[in-house]
Amino acid sequence: MAGGVIATDSGSNQDFPAKLTGQVLICTVIAAFGGLMFGYDIGISGGVTGMDEFLMKFFPNVYIKKHHAHENNYCKFADEYLQLFTSSLYLAAIVASCAASFMCKKFGRKPTMQAASVFFFIGAILNLTAKKLGMLILGRLFLGAGVGCGNQAVPLFITEIAPPKYRGGLNVCFQLLITIGILIANLVNYFTSNIKPYGWRISLGGAAVPAIILLIGSFIIVETPASLIERGKKERGLKTLKRIRGVNNVEQEFEEIVRATEISNKIKHPFRELMKSRSVPPLICGTIIHVFQQFTGINVVMFYAPVLFQTMGFGSNASLLSAVITGTVNVLSTLIAVFSVDKAGRRKLLILGASICLIAQCVIGGLLKKYLTETSKVPNGTAKLVVGLICLYVNGFAWSWGPLGWLISSEVYPLETRSGGFFLAVATNMFCTFLIAQAFLSMLCTMQAYIYFFFAAWLVTMIVFVVAMLPETKGIPIDEMVERVWKKHWFWKRFYKSSDIERPKASIQLENQDRPSQ
Ligand code: BGC
């Protein structure tokens with residue numbers, strides 16, 4: 001991550017003395033509210049854009065189209081401003097995550113999270129009180145700034161605060177909180193849609209709640225030892241480390257962090273390092289996994305599920321209820337990832353998950369092609385079957401490409417390029433999310449049911465890529481990826497020319513000891 005993740009290695013053979021203390025748990029839960037804020041935003045826009053009062057106020061053309069008896073089913077929501085309402089957030093998030101990466105490094109993780117909650121709060125209030133479209137979009141931009149800061153600082157914070165052996169599980173908790181945020185938003189929409197005419201204001205203003213919790217909570221949590229040490233506050237770093245580990249003999253871990261910091265500080269131009277041939281394999285795999293994650297089409301469901309269901313002829317309420325069902329499936333299925341990710345292996349989960357999504361997308365596309373014409377309604381039984389298939393699709397995503405996209409991109413880089421590499425992963429994710437959010441409704445209008453085959457084609461590409469190109473990283477110490485994974489891979493090994501083979505000296509020295517990572 002651009003802020004410079006400095007923590008000890010989960011893959012190291014040695015376990016530093018540490019307890020899973022109440023401090024760590026409380027800090028993780030509070031920080032994960034950043035994930036909840038992100039998830040709330042993902043889930044809230046689709047339901048709100050399906051509410052008539054909201055459309056009448058800000059998007060009257062869409063409202064008229066939606067209620068026009070002969071309007072094309074596939075096109076009634078196509079409106080670039082409506083798309084901009086959803087997508088503007090992600091554009092702001094790209095810019096903010098870049099700024100946040102510097103903020104994390106210079107001022108620490110805690111102030112970056114505080115900034116996230118303040119941006120979020122302002123955005124929520126602007127949306128709650130929005131009078132004009134401009135104010136609404138401005139609110140979304142503030143929310144985006146919150147998402148950018150939060151997504152940069154929170155995973156970094158959790159990674160650094162967690163004892164190494166609990167780090168994987170605690171990291172998936174961030175994704176879990178994202179899915180819980182999406183579900184809460186779906187539920188809120190379901191209830192507020194009956195509060196007329198201002199239910200949508202409650203939905204959008206509701207984002208202020210997790211923001212306030214994160215803001216208050218961020219005064220309770222500690223700054224990470226790595227961030228303190230990185231900013232020259234060694235003594236405070238040591239004291240904090242003792243406190244969060246619940247033991248006194250933390251010297252070894254402390255020294256590891258100090259050494260990792262020194263290496264990280266020695267690399268003055270991590271982005272230049274990223275451009276070297278030896279960085280190409282992790283750079284391609286760590287970045288493309290986020291392109292693929294988004295082109296599974298997941299956010300079409302997360303953002304536009306209620307709109308999609310309305311397209312099929314469901315009433316507003318039934319559509320919102322269906323979104324609650326898919327949201328619940330998302331949360332429960334993510335729990336599977338918590339337990340299976342370190343057992344089954346990344347490749348197996350990715351291939352299986354993509355195959356399930358592929359089957360679901362193809363059947364949905366086939367059914368809609370057959371039953372959903374421009375003006376007809378889908379028969380009741382078929383519509384229910386489609387909801388079931390969307391649940392199957394969400395399930396396939398939630399224990400594979402969802403959490404693994406984030407996990408793999410954070411573990412494939414060697415220490416010296418990990419910061420810059422992970423920042424590019426976050427930015428790529430936000431950019432592709434923006435593209436999908438901005439283009440989907442227009443694509444639905446033009447491609448109609450074929451849109452499902454468009455995503456199916458991506459899923460086939462992803463399966464082929466994983467089978468042929470993506471190495472297995474399960475159980476490999478993260479600082480041994482270059483030697484044990486990339487240099488042994490049939491294709492990627494060609495990027496390690498003899499002149500490139502040696503990694504920066506400092507890293508090699510550390511590899512001979514029990515090294516720090518992330
Ligand atoms: C993705 C989000 C998506 C969410 C769904 C995350 O991993 O990055 O774009 O909305 O999963 O649960």
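These residue numbers are counts, starting from 1, taken along the chain as shown.
Placement of Cβ uses the backbone N, Cα and C atoms for every residue, glycine included.
Annotations in TrEMBL come from automatic prediction, not curation.
A quick note: this is a predicted structure, and the numbers were derived from the prediction, not measured.
If you look up TrEMBL, you'll see 27-474 marked as domain 'Major facilitator superfamily (MFS) profile'. Look at TrEMBL and you will find 20-40, 81-100, 112-130, 136-158, 170-192, 198-222, 283-305, 317-337, 349-367, 387-408, 420-444, 450-471 tagged as transmembrane segment.
Per-residue confidence over the domain 'Major facilitator superfamily (MFS) profile' (27-474) averages 88 (mean pLDDT, predicted model). Among residues of the same chain six or more beyond the transmembrane segment (349-367), those with a C-beta under 8 A of the stretch's C-beta atoms are 296-297, 337, 340-341, 378, 382, 385-386, 389-390, 392-393, 395-397, 399-401, 404, 449-453, 455-456, 459-460, 462-463, 466-467, 470. With pairs at least 6 apart in sequence, the transmembrane segment (283-305) and the transmembrane segment (450-471) have 3 or more Cβ pairs within the 8 Å limit; the two touch. The transmembrane segment (283-305) makes contact with the transmembrane segment (387-408), as judged by at least three Cβ pairs under 8 Å among residues 6 or more apart in sequence. Long-range contacts of the transmembrane segment (81-100) within its own chain (CB-CB distance under 8 A, at least 6 residues past either end) are made by residues 2-3, 41, 45-46, 49, 58-59, 62, 112, 115-116, 119, 133, 136-137, 140-149, 151-153, 303, 423, 426-427, 430-431, 433-435, 437-442. Panel annotation: around the transmembrane segment (387-408), residues 155, 168, 171-172, 174-175, 179, 285-286, 289-290, 292-293, 296, 298, 301, 305, 308-309, 322, 325-326, 329-330, 333-334, 336-337, 340-341, 346, 349-350, 352-357, 359-361, 363-364, 367, 425, 429, 462, 470, 473 of the same chain, lying at least six beyond its termini, place a Cβ under 8 Å from a Cβ of the stretch. Between the transmembrane segment (420-444) and the stretches 136-158, 170-192, 317-337, it is 136-158 that has the most C-beta pairs under 8 angstroms.
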